[in-house]
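Visitor: According to TrEMBL, the protein carries these features:
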type	residues	note
ACT_SITE	Asp49	active site
ACT_SITE	Cys52	active site, nucleophile
SITE	Glu237	site 'Linear diubiquitin binding'
ACT_SITE	His262	active site
Amino acid sequence: YKLSVSPEMDIMEYCRKEWRGNTPAAKRMRKGYEAVAQKFASIRRIRGDNYCAFRATLFQALSQATQLPRWLQSEDFTMLPENLLSKYDWIKQWQLRQKPGKRMGEIKDEIKEYLILLREKWKNISEIKGPLEKQEACDKLFKNEEEEYSLYEALKFLMLNTAIELYNADKSGRRVPVFSWLLFARDTSNNPCQLMHNHLNHIGHSGGLEQVEMFLLAYALQYTIQVYRLYKHSTDEFITLYPNDPEEDWPVVTLITEDDRHYNIPVRMCQETML
C-alpha cells in the first residue's frame, strides 16, 4: 500500500539522501534545499501519481484551514454541476475517474456528491482546534483512497467552472488575469470545451497539471500557491507564486518541486520565520 503523504523527515537529511553526486544539478538542488531549510524544518513526500499537485495543494490547505472559504459557503455551490450542464451540453463528456462514458444524469449527481464531500471535509477539519488533532484528521483523510480521489474530481470540476467564468469574462470585454489568455492561447485549449477534453479529462490518468493550470487551480481555490522550484535556484523564478499578483486576503500554501512535475510539501516552519 502506498502512502499518499509520507511521514515528515528532516529536510536536509532528505536532500543528502536524494542528491549525493557532484553534478551541477545535484549542487543546485542542495543549494535549493538549504534555502528552503531556512524557513521549514521538515519535508513530507507526496505520492507520485498524476494527482500530486492536487494532493500537495489540498493537503496543505486543509492542514492549515481555520474556516470554510467563502466560495464553499455559498448556497448554490452544490448546484454547480446542474447549472453548468444546463448551459453547456459538452460537459456530458466529462471523464469520471475510472468510469469513462457515464450517462449525463449520473455525472451530475456524482459530481454533486464530490462537491458536498469537499465542503463537509473542509468544514470538519477547519473546526478542529488542536494542531496535532488537525494533522491526524488530514492524515486519515489522505489514507482513504475513495474519498481522496473524489476530492480531486471536485477540484477538477471547480477548475472547469473557473475556466468558463474567465473565458466568458474575457469574451464580454472584462479584465481577466494574464494566465487566462495563456490558457486559451494553447492550440489544445482554445475554449473551455477543448480544455476539458484535452487537459482536465486527462489529469490523474495520463498527465498532471501544467504550469498554466497551476494558476487555474489557485484561482479555483482562491488560494495563493507558493512553490519553491529547486532547479531554478539562484534565478528570480526560484520562488514562484500562482497567481503572481494574488489577492491580499487569499491564504498561502507552500509546495516544493524539483522539476515542475512532482510536488512535495515543506512542513514545520522554523521558529524565527514564524516570528
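Any Cβ shown, glycine's included, is placed from N, Cα and C.
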Visitor: Quick check on the recorded positions Asp49, Glu237: which one has the highest count of other Cβ atoms within 10 Å of its Cβ?
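Guide: The largest 10 Å Cβ neighbour count belongs to Asp49.
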Visitor: Between Glu237 (site 'Linear diubiquitin binding') and Asp49 (active site), find the distance joining the two CA atoms and give it rounded to the nearest Å.
Guide: 25
Visitor: Going along the chain, which residues six or more apart from His262 (active site) have their CB under 8 A from its CB?
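Guide: Listed in sequence order, they are Ile46, Gly48, Cys52, Gly208.
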Visitor: Give the number of CB atoms, excluding that of the residue listed as 'active site, nucleophile' itself, located within 10 Å of its CB.
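Guide: Its Cβ shell of radius 10 Å holds 22 other Cβ atoms.
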